[in-house]
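**Q** Dumping the structure here so I can ask a few things about it.
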């Protein structure tokens, strides 16, 4: 029951009234209307009073207040009933429907739009693009259908002139995935004639008043509704409709839905063609019927994609087939006018049906496999014309009111009859509540062979000329004694009925007088085949698809089509069966006054609606009855998890006993009754309490299941990881063994080969053995080197080590390292190198050995040296394991300077073929020399030998020696930095130092 509203607003639920009487009901309804509370509950039924003004109660904030809430938690609202239908559909996977009923102008169409708005707002929390697209198109379809199916009447500015039932399909998550729209009985007669003060369909005015000038010119239209016969009745009538703005909104909606530009243009052409058809006038010249304004025919032909002579022939002649002969029968003026109007009505009806089908093509649910996507559920929303009583009521009003009788019958059967019958069947104590059952009125209309529709069909099928008077006579004869039928002939004293024209039906909503004038023609719904062929042969493909029967041959005999009333009756029976298969929710709309005033509450008018809608009886049944009932096994299946007595399964003798024990255990036994097969729960609060407890337990069970499932997944994952690691371990072992076998196979016997396996290509190792292969290659290289070296004489081994040291320090940096020649070491002691002075050098060397006690002479050579005065001198260098001696070859190799070898920190050379060497000293007195520049011996490359000998010696003594290859070479002399560059000269025979600003330049021969 509704809460959170103060007593100053009256009772939010009529069930809470102190006494169930009509005066108290009306007093509460009036109070709530005056306080701006237009919605009131009757249990799970919403009573809605049209406020005739915009209220700020439909925004996003209001939607959030009702989302996921139970009925009793919030004040009465359309959103509450919409949410209840949505939750029922989602919780129980059962199709639901919302039936909106009430008379014309009671606010049914607006109610349906707010319900659609709410459903769209609360779904698709994950913002899936496809769901958003479907929601948008469902909402936009309302705008389009209102434009082409609604009109202004004297009772309603936006009256639905057709019946609409929309199914919204939801996936298993509760998100809309599509829908389907069914339309019923478009009031197409409104196209050609409207009652005083009423309008044609909105679409005509929207196009005339809202279309751009260029569009109007292409349609041969003027921005003047009084220029067209079919809209002229509104010329001086003021309307609250914003037609120009609505035109843009409808055009945009059609684009969003998916109408192609050429399809939208065709729609405008059809509307324009209908307006021009209405302006066609016929005249009689002797026995010939002619068209007075022939130019209009050309315009119509152009708009419909046909030739003007074909249009003219269809309007003036009717093709009749007699056997094999085909003749053209000319119309009289009356027949021509009838044919023109019938053609205009048919075109508009086909257009409307095509629009509905076009929308359905877009929003229909595509075929889905229920095993993959889950079961689709449906919420149906019925927005259909309300009960109508006009000054002149014809076949359209008769069908509309019959529709309302069927819906009232459904309400009675589901809410009143079936509910009370179920209580008696289940053995629940119950005091019967009387109500008016309108089945007798439904039978009066639809009964086979005896009902009004059957009698109307019989009249239409009779051979010869049958008039409306003859139909009325048949009604009087067959139904004269029926309690709900009357006519002037049946009741001669009733002067409100005109003789041979009117009959009265006592509907559940009141007495309605119908005029039989036009019943026969409207029921036959005659449209000459010539018009169908004309449209089928149109060059416009959209128009062609609207008239498929136009392809039939002129001489082909066709089956008599069902009449308009029978088609409508069949569709209503199917609709009611469809609604009865779903769980219904009701919105009962009430019209507060006839003046469309937001402040006036016409108590007499409202009381009449309350009475014929059966709202008071609804309150009595709801107050005395039960809000919820369910068979025992399904009840247990949903709620057994709440109690330990029933979870996971009970051991009691029957489900009924288990349910009784369950309700006692939950402390809710006071609000339940137990039938033979079902449990009945009186108040919604008890049901909501069960739902809350179930939701709480679901969380615990879900967590428990998640724990078990996550544990299972973790164990499975652990097993897979262990299995994977085992496989990986064995695979690695296999790869290692395969690799080692391949290495052993390839290097088998390399010890006996000439190059010790240098030519053998190493196999590609597994990733895990890459570092191992690098180490193995190092071991192999050391072994191969040992194999090569061990065959050398002991005296050659130091030279080999020196060459290795030179290679390690100069590889990739210097072009010529002299590795291919034999290294002499002490070139000054060589007779070949120093034939004239070698004895002098040997003598000086022996003297120094005795003096300095060195163990080994490493290197000696003539050099060109730059002294401290930046002068170039010929000198010799002698390097032992202890000192670096600088000697003067001109003075019998007199020692000029002796530098301890530990004072040498590094040497620098260039990358070219020159013999420039810089000895870097720790005291910054670097020695700059060019090897082999004395002119006493052949010129060759000794840089590699010098670097190798020194590097190998320093390595053996575990001292660092920095070897630098650069150009220019940077050095320091007497504390100053200088730079030495090397350049090549063609016409120079010997290397030569020259002074420059930065230091020195060494010029070397080109060859």
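Each residue, glycine too, has its Cβ placed from N, Cα and C.
What you see is a predicted model, and the numbers here were worked out from it, not measured in a lab.
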**Q** Of the ranges 572-594, 595-617, 618-640, which one does Swiss-Prot list as region 'Actin-binding'?
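**A** Comparing 572-594, 595-617, 618-640 with Swiss-Prot, region 'Actin-binding' matches 572-594.
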**Q** Any residues 6+ beyond the ends of the domain 'IQ 2' (721-741) with a Cβ under 8 Å from its own?
**A** 763, 765-766, 768-769
**Q** For residue 106 (ATP binding site), which residues in the same chain are close in space, meaning a Cβ under 8 Å from its Cβ, but six or more apart along the sequence?
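**A** Those within reach of residue 106 (ATP binding site), by Cβ under 8 Å and sequence separation of 6 or more, are 48, 50, 386, 589, 590, 591, 609.
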**Q** Which chain-mates of residue 105 (ATP binding site) that are at least 6 residues away have a CB under 8 A from its CB, listed by sequence?
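**A** In sequence order, the residues whose Cβ lies under 8 Å from that of residue 105 (ATP binding site) (at least 6 apart) are 50, 153, 155, 156, 159, 386, 591, 596.
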**Q** Along the region 'Actin-binding' (572-594), what average pLDDT does this model show?
**A** 89
**Q** Using the CB centroid of 102, 103, 104, 105, 106, 107, 108, 109 as the ATP site centre, which other residues of the same chain sit with their CB within 8 A?
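**A** Close Cβ neighbours, site residues excluded: 50, 156, 386, 589, 591.
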